[in-house]
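A.B. asks: My structure is below; once you've seen it, I'll send some questions.
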Amino acid sequence: MTEEGKQSFADEENLDAQNPLRHLMHTGDHCVDGSANTEDDIVPEQPKSVLNSSVQLEFRSSSSGEPVSMRLALDASPGCGGVHWPAGQVLSQYLVHLGPDSLRCKKVLELGSGTGLVGLVAAQLGAAHVWITDQAPLLELMHKNVLMNDLESDVSVAELDWGTPVADGIPKPDVLLAADCVYFEPAFPLLVQTLYGLTDAETEILFCYKKRRKADRRFFTMLKKKFSWTEVSDSPERESYSKDAISLLTLHRKDVGV
Ligand SMILES: C[S@@+](CC[C@H](N)C(=O)[O-])C[C@H]1O[C@@H](n2cnc3c(N)ncnc32)[C@H](O)[C@@H]1O
């Protein structure tokens with residue numbers, strides 16, 4: 001082996017010692033960068049270090065109305081939900097496109113809210129009340145974002161771990177939102193179970209999804225047992241987000257009317 005080859009081998013061994021899982025991880029820069037993943041990547045894409053950061057986002061309707069501005073605290077230390085993901089931005093933009101009338105007097109619940117972005121946009125648009133939910137480690141960040149946007153009276157933050165009983169005080173919503181929640185295979189059946197448990201014939205479900213791995217298909221195989229879906233066709237951004245492998249779907253329970 002050449003000297004150069006030996007050095008490269010030693011470097012590889014050094015990196016393996018620091019992170020034994022590194023060969024299983026996606027090497028993209030950022031979990032929201034949209035880069036292709038392969039079937040070998042069994043660990044979800046990892047966020048780069050974002051600690052105590054913040055971002056200002058603005059969503060404008062192409063037709064009319066005031067833009068919706070949102071200041072978001074970001075912190076990836078409690079989990080990858082601590083940064084804003086691309087499907088969340090697409091769903092937020094679509095809600096702004098639909099405008100306040102679509103949410104007026106409606107109870108809205110978001111699953112896997114992460115920073116809370118989508119639910120906070122729904123609240124700013126004038127939903128009757130919004131529940132943003134996630135696993136326990138994300139709740140502090142979500143509270144922070146509610147306060148930063150002066151939405152305390154319109155938004156409740158609640159723990160909702162998919163596949164577990166929904167806490168008292170979280171109602172069946174009129175509108176159920178979920179963005180970028182398909183990425184971890186063991187959670188697929190749990191997410192379907194929670195989607196089913198929280199909905200009935202009347203619930204509007206907006207589900208925004210970014211395809212990353214072929215294994216995501218298994219989620220849709222499970223989903224198909226309980227729900228059918230249609231691609232949202234009236235989003236002005238559809239052509240652009242489709243290029244990033246993002247789909248915006250409305251889900252319909254299959255047992256409606258049974
Ligand atoms: C990729 S992030 C998306 C966050 C946010 N919806 C967005 O679009 O920016 C997925 C979110 O799902 C949450 N999540 C993952 N598994 C979950 C589970 N079993 N129960 C509840 N939330 C879960 C994560 O904590 C994370 O916040």
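Using the three backbone atoms N, Cα and C, a Cβ is placed for every residue, glycine included.
Those TrEMBL annotations? Automatic predictions, nothing curated.
Keep in mind the model is a prediction, meaning the values are calculated, not measured.
When I checked TrEMBL for this same protein, it listed these features:
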BINDING   Trp85, Gly112, Ser113, Gly114, Asp134, Trp162, Ala179  S-adenosyl-L-methionine binding site
A.B. asks: Long-range neighbours only, meaning 6 or more apart in sequence with Cβ under 8 Å: which ones does Gly112 (S-adenosyl-L-methionine binding site) have?
C.D. replies: Gly81, Thr133, Asp134, Trp162, Ala178, Ala179, Asp180, Cys181, Leu191
A.B. asks: Can you check what DSSP calls Gly114 (S-adenosyl-L-methionine binding site), collapsed to helix, strand or coil?
C.D. replies: coil
A.B. asks: Inside 10 Å of the Cβ of Gly114 (S-adenosyl-L-methionine binding site), count up the other Cβ atoms and send me the figure.
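C.D. replies: Result for Gly114 (S-adenosyl-L-methionine binding site): 30 neighbouring Cβ atoms inside 10 Å.
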A.B. asks: Between Trp162, Ala179, which of the binding-site residues has the fewest other CB atoms within 10 angstroms in the structure shown?
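C.D. replies: The binding-site residues Trp162, Ala179 were compared, and Trp162 has the fewest Cβ atoms within 10 Å.
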A.B. asks: S-adenosyl-L-methionine site residues Trp85, Gly112, Ser113, Gly114, Asp134, Trp162, Ala179: biggest Cα-Cα distance, Å?
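C.D. replies: Max span of the S-adenosyl-L-methionine binding residues, Cα based, is 19 Å.
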